[in-house]
Protein chains: 2
Amino acid sequence: MKALRLTSTSGSKPSLSLSTLPKPSPPPGSVLVKIRAAGINPSDVINAKGGFPYTTFPRTPGRDYAGVVVEGPEEFLGKEVYGTSGKVLSFTTDGTHAEYCVISCDGINLKPSSLSFVQAAAVGVPFTTAALTVRRAMIQSTDRVLILGASGAVGSAACQLARNKACQVLRAARRGSVDVNLTTDPELSTVKSLTEGKGVDVVIDTTGSPALMRAALRILALRGRLVYISAPKEGSTDFTFDMKQLYREEKMIIGCNSLLQTLPEAAKELGGLTPGFEDGSLQAPNESDIETTRIEDAVNVYQMKGNLGNSKKIVISF
Amino acid sequence: MKALRLTSTSGSKPSLSLSTLPKPSPPPGSVLVKIRAAGINPSDVINAKGGFPYTTFPRTPGRDYAGVVVEGPEEFLGKEVYGTSGKVLSFTTDGTHAEYCVISCDGINLKPSSLSFVQAAAVGVPFTTAALTVRRAMIQSTDRVLILGASGAVGSAACQLARNKACQVLRAARRGSVDVNLTTDPELSTVKSLTEGKGVDVVIDTTGSPALMRAALRILALRGRLVYISAPKEGSTDFTFDMKQLYREEKMIIGCNSLLQTLPEAAKELGGLTPGFEDGSLQAPNESDIETTRIEDAVNVYQMKGNLGNSKKIVISF
């Protein structure tokens, strides 16, 4: 089968190439999924650059997928499934950027019939990461929620999840039609006027910018919670805040990392979102907003995404 | 009646003196408590120095008390009560360092019969603050908990509350019989060996030392929570941490401030602890560990506590 492959010798940065590997056989308790579509996430690109110290090599990358079960227990055979990975697929077992992938039975979910394979392969990491932030922020229906990086994949999923909890949601991004334009208002001053001076109860920061996080702490209301999912990719990752202000106003700073989840935990998180995709209360990206690539061109796509930063969602389609 | 009194003119630092005031009359929905004992807390001393910008003057200080209801609705008359204050008594209404104090009916609790008036007056702020930290740290029975400043009033109460939740508790203080001696092990290295390298799930920091807090973040286990209740009294209150480490390990930094509670909220917090004092699962300080003072000497005690820092618990006794 065709598969992307990361190789690394004696601790050097890994090298990504298109390889031909034997089709794997699923051990008991697992299924073999014929991959129909597999999303490329920022964490895949970081992994291909050697950014995760726990990745073992050689390794097929890829955390998200949608496909059909072609081997394994009879109850699963022929089923259309989709899924995502926490800390397993693409790090310590082979991932989804291949024609076939072995997944343990407790790591799969039935694909929502409302989503195409390409759409279903685009939602795993973004929506489960967004669900993680919403859960860890302990969001209530009365909360005002500010999403930093709202036009990104995780940010836009978080907007949907917070709105579905009946929260008032403010979207912040560098450009586009948003409530807070981060290019012209990096201090988030707009938030005060948009909330009648009260500030927001929750900030979900998907950007990892210390300057934005400092501004976000300031515009948090009493007992506000700031959750975040990344740190600066280069330079210092130090963050400084005023201890006195944070405790007097009972604020919280909360780290979120979807890469800590086991495969069953990630499947459970995604399974919790499946009814939303089915009934339309959660919207996957439209096909027209997803760019597809053949696996033969995927090495170039990895290279491009690494250089361009936030580009259109790209899914490998078979 | 005799009462301590804080006076301040045009924003100057307040001045504390012993005054004679008319005995107050309780408005509807309130009781008049004949104060039998009233604890002096660090926050009272800070208040007397003008440390809380929202205090209005002139003002009788004092947040904790135990006494007898002498006026008010018949159901309360003659009852022995005790209580504490969040952001009301001693800040915007007159507090407990007086012979009589007006308290709203939803702000009192029946005094546990197992506690003397002096003991009951010593538990309010320390135990409700400790309960707040335990609640906001979301402590579970399986958690390993480290208490920084375990020999202090809040710290020792937090030890009891965490132990009562069946947690493994490590006590850290500058001296005495503790698990971690903060004088000889300011980096908290002992914690690693005491937890077989795993670290602790929760740190309750009552000291407000940035250096200790930095060390505490390092020895927190995966998904660990650090709660804290104070900041340095002098100098910078800036705190710096590594954003990347905090999110990758899903840690949390959580501020706690008992001064945000309304009077009914503070009463509810203390009421939740009352059964524990009654059945002995919570231990108030022994009488022998409490120093009592007459109100005539209390101005000197405020002065002394402000200069000496952590001294013996002192209660004004009438």
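From the backbone N, Cα and C atoms, a Cβ is placed for every residue, glycine too.
Summarising the annotation, TrEMBL assigns compositional bias 'Low complexity' to A:1-22. Residues 47-50, 55, 57-62, 94, 97-100, 295-296, 298-299, 302 of the same chain sit 6 or more residues outside the compositional bias 'Low complexity' (A:1-22) yet have a Cβ under 8 Å from a Cβ within it.
If you look up TrEMBL, you'll see A:11-316 marked as domain 'Enoyl reductase (ER)'.
Using DSSP to sort the residues of the region 'Disordered' (A:1-27) gives these counts of helix, strand and coil: 0 helix, 12 strand, 15 coil. The region 'Disordered' feature in TrEMBL is assigned to A:1-27.
In the predicted structure, the domain 'Enoyl reductase (ER)' (A:11-316) carries a mean pLDDT of 95.
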